[in-house]
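Before we start, here is the structure in question, set down as structure tokens.
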Amino acid sequence: MAKVAKDLNPGVKKMSLGQLQSARGVACLGCKGTCSGFEPHSWRKICKSCKCSQEDHCLTSDLEDDRKIGRLLMDSKYSTLTARVKGGDGIRIYKRNRMIMTNPIATGKDPTFDTITYEWAPPGVTQKLGLQYMELIPKEKQPVTGTEGAFYRRRQLMHQLPIYDQDPSRCRGLLENELKLMEEFVKQYKSEALGVGEVALPGQGGLPKEEGKQQEKPEGAETTAATTNGSLSDPSKEVEYVCELCKGAAPPDSPVVYSDRAGYNKQWHPTCFVCAKCSEPLVDLIYFWKDGAPWCGRHYCESLRPRCSGCDEIIFAEDYQRVEDLAWHRKHFVCEGCEQLLSGRAYIVTKGQLLCPTCSKSKRS
């Protein structure tokens, strides 16, 4: 008989449950005031009150997000973007780059300042290049503190990079063999697919940086540039750089995004560095390389293994329920209305929602 794996980290599990309890009552951003407040479901990643996802309630904090990304990047070639937590037993935290812009405002005798804080900015670049990058991002998606863009980033961190896609202790009821499969799965994608985009001017991707800052070309200086096919070109001739996605021109004085998994002969406009599956911007430039394109973590994992439509976790069990292109753990194949188990019973799947005939009829009426 299969055994359920022991808690990998009871402290972490208790903390996660406690966080959900303390998040009770958090308003839903999707319902726009109609939700009475977050009410955690016992195993679904939704609010029992409004049925919206946890993402729509933005339940995480900066510290939780930084710990999650730190865990994702540790034991990978991007671990330099993390820092060890003092007394944290090997835990690493994401060294998230924030950018603060202070602009003077002329209002009478006493000078005042307008301060803008970006919750995230591309690492390893000068403030000038970082600001250029941000100005190319739609205003509603710029991660400025206290704005819609900052909430958008937090939702995307939860959606594109679910903690339960990388941390077995955040999954419910993994059997011992499933635990081993998941650990190998995570180890493999960190080695073969995980990447972090690099922001640079066209032709400067992959160049050495001094003290973590992207070097700017001195005025009047000539350098040997690489063409889009990677060969060296005559510096006296203007090099044309093309975006890998839209095939549009990339101006030489405008930042682009590079992927070391793709090779530095390819570049993307900042708004074109998106998931190949959902076309959403890749949050914090974190991507997973597959089939010659960047993917978000969620859709990369789903492309290799089924995801349970009930609990939203990746399925590592050999035996599970599948209906068309949807999948469920056997124990989660239950009606979304009355929660009765539907294995061996009549059911209806409409727009991805699994219902028993009674609840389906009630919903239609």
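Positions of Cβ are set from backbone N, Cα and C atoms, glycine also.
This is the feature table in Swiss-Prot:
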type	residues	note
MOD_RES	Ser16	phosphoserine
DOMAIN	99-206	domain 'PET'
REGION	200-235	region 'Disordered'
COMPBIAS	208-220	compositional bias 'Basic and acidic residues'
DOMAIN	241-306	domain 'LIM zinc-binding 1'
DOMAIN	307-365	domain 'LIM zinc-binding 2'
Over the domain 'PET' (99-206), what is the model's average pLDDT?
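Looking only at the domain 'PET' (99-206), pLDDT averages out to 93.
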I'd like the per-state residue tally for the domain 'LIM zinc-binding 1' (241-306) from DSSP, helix first, then strand, then coil.
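Its residues fall into 14 helix, 20 strand, 32 coil.
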Please count the residues of the domain 'LIM zinc-binding 2' (307-365) that DSSP assigns to helix (H, G, I), strand (E, B) and coil.
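Reading the DSSP string over the domain 'LIM zinc-binding 2' (307-365) gives 11 helix, 17 strand, 31 coil.
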